[in-house]
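Take a look at the structure below.
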């Protein structure tokens, strides 16, 4: 079973964690294990805990990393089939209550998820409207498209996809579903194309790209779980521990930037002679500006074009 995926900003993400040989680390988005493989090569006696809510990714990892999953393995890998928003709860279940030395995130959908036609993530393949990263979840894209109000649909398309024709698309969806339910990705693609003016369809890539992105974000509550997970990650990091986050969309990057700022900057009331301990920053930024892919990586990995890496350290 292969979950082939080319990791973006591989060395930058892991090297900025400054891995320790005996450290305890978390891969919040295990996927194909590209970042994990590189980190494990840096920790001789340490442990990596890999999270993924996609059962297919976990099963693939169990085969591809079988030797490192043995109890006496050094370094050791442990896998968790759950969303990274449940970080602290799962660490406690595994017996890790003293914090971690580092954590990293590679956000968004992986290449294998896009390429699995039946998952319904891609507008390039005809499949049932699904888009669930966790197949045990009830809510899927079919439900959103066929049950939300026109305003709710328009808000999702605009807020999560920056789709400037969100109202027109939402209106067309509601009109079409009156005739019959919208079941497949290609049905939705045709509706989107029909809603967007001809001049706009000729530029800016595939006309359904932004709408599919927005629905995926909504189905998986991606922004809410990201914020919750980052808060927990900062809490469980040991002093000196680091957090690396790769984002691909502006709304993801805004959340990371906002939370890093929240914990690294302090507003001290004027005239206060000292900063109380509970007001002191708990993070320091390792890089003020996001790290982006090198020219070489941009040439070899198209997915890296929109990637931004932010790194912070626990004080």
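Cβ from N, Cα, C; glycine included.
Per Swiss-Prot, the feature S-adenosyl-L-methionine binding site maps to 33, 34, 35, 52, 84, 106, 113.
Close to residue 35 (S-adenosyl-L-methionine binding site) in the fold, though at least 6 residues off in sequence, lie 7, 10, 13, 14, 27, 104, 106, each with a CB less than 8 Å from its CB. The maximum pairwise C-alpha distance among 33, 34, 35, 52, 84, 106, 113, the residues recorded as binding S-adenosyl-L-methionine, is 18 Å. Within the group of binding-site residues (33, 34), the Cβ with the highest number of other Cβ atoms inside 10 Å belongs to 33. Residue 33 (S-adenosyl-L-methionine binding site) falls outside any helix or strand according to DSSP and counts as coil.
For residue 106 (S-adenosyl-L-methionine binding site), other Cβ atoms within 10 Å of its Cβ number 26. Residue 106 (S-adenosyl-L-methionine binding site) falls within a strand segment according to DSSP.
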